[in-house]
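In what follows, a structure is listed as structure tokens, so that the remarks can point back to it.
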């Protein structure tokens, strides 16, 4: 038996989950927030308990020390060396990595080099890797890449219809994201359906604050909605998703608040989507409250959101030449029955029917009717477990 910790580090946060492996038992989980700021917060949840402390955590190395000391103080572990593996979630792995890898200095440097593809994620992830290597230099350390699952896409799918020099010289292409989540829920869907993953055609819809849809053919990603960056695809919580690129120079010329392309991209990433259109919130619960109040901006934002998700699902039915199941996962995918119902409404031609009672009452699993030709599943994603499994796989 061994203990493995899954890490999701950002620029100012470090989310973690500790597992007993190979049993896959969660021993504890938590998050350290406001790294580098005053009044940092460390939260640990274990055995139904919750411990929280407020202190100053200037950097990721200090954060890791506090995390490990908390585990000892709370008797979750008795010594550092009980942890034999650590897995780090990396958003952007570019074309360097088609699978999870053991960490060495070259891997860390490549993660840092790819920060342009994920400026909010890769630098923090690299800092987290270095912190663990400094404090626990002898444990198995693994990088798990969000886009690696999508590296099975064919060239005609991942290349953009622009001059090829931008790919050959600058590696501009579709990379995708949320791959760890899409991989996990596809595996769970196969178990739920009682069929080998290698014979299934699945459409997996990761719908949280970030939204991505993936076409999965026999266990492999053949297309996905996120692109060169996670900005592409359907409308999201604060991201616009796909727009006509000519809009960017047009609005820069006319909006004095947008000084350059970086400002415009920031607006598309952080001030658009549900929040930007509604003017209310990026949270679907607030949007649904707006629907009840018949707020016209909430109604408009919601309708755009549903429309864009439907279109990607329809595309992937075409890409796969039909599907065995549609899987909803992540925050909204798992917890927004109205959204699921409205996505499915009007898609009866594809052979999908959901049971209203199963859908509304938070049923996890198959929410489709017995007559539904395409099964509709709700599956809780578990990216952390997927990371821990990859650590165990690479230990052997």
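Cβ coordinates come from backbone N, Cα and C, glycine included.
There are 26 other Cβ atoms within 10 Å of the Cβ belonging to residue 146 (active site, proton donor/acceptor). Taken from Swiss-Prot, the feature active site, proton donor/acceptor applies to 146.
Residues or ranges marked as Mg(2+) binding site in Swiss-Prot (evidence: sequence analysis): 8, 383. Non-local neighbourhood of residue 383 (Mg(2+) binding site): 6, 8, 89, 180, 181, 184, each in the same chain, at least six residues away, with C-beta under 8 Å from its C-beta.
In sequence order, 237, 274 make up the list of same-chain residues 6 or more apart from residue 283 (ATP binding site) whose Cβ falls under 8 Å from its Cβ. In this structure, residue 283 (ATP binding site) belongs to neither helix nor strand by DSSP; it is coil. Swiss-Prot lists 15, 206, 207, 208, 209, 210, 283, 284, 285, 331, 332, 333, 334, 335 with the feature ATP binding site.
Secondary structure from DSSP puts residue 89 (substrate binding site) in a beta strand. Taken from Swiss-Prot, the feature substrate binding site applies to 89, supported by sequence analysis.
Swiss-Prot lists 178 (among others) with the feature site 'Transition state stabilizer', giving sequence analysis as the kind of evidence. According to its DSSP assignment, residue 178 (site 'Transition state stabilizer') is coil.
Neighbour count (other Cβ atoms within 10 Å of the Cβ, all protein chains): 26 for residue 239 (site 'Transition state stabilizer'). For 239 (among others), the entry in Swiss-Prot reads site 'Transition state stabilizer'.
According to its DSSP assignment, residue 334 (ATP binding site) is helical. For residue 15 (ATP binding site), the Cβ neighbour count at a 10 Å cut-off comes to 18, with all displayed protein chains included.
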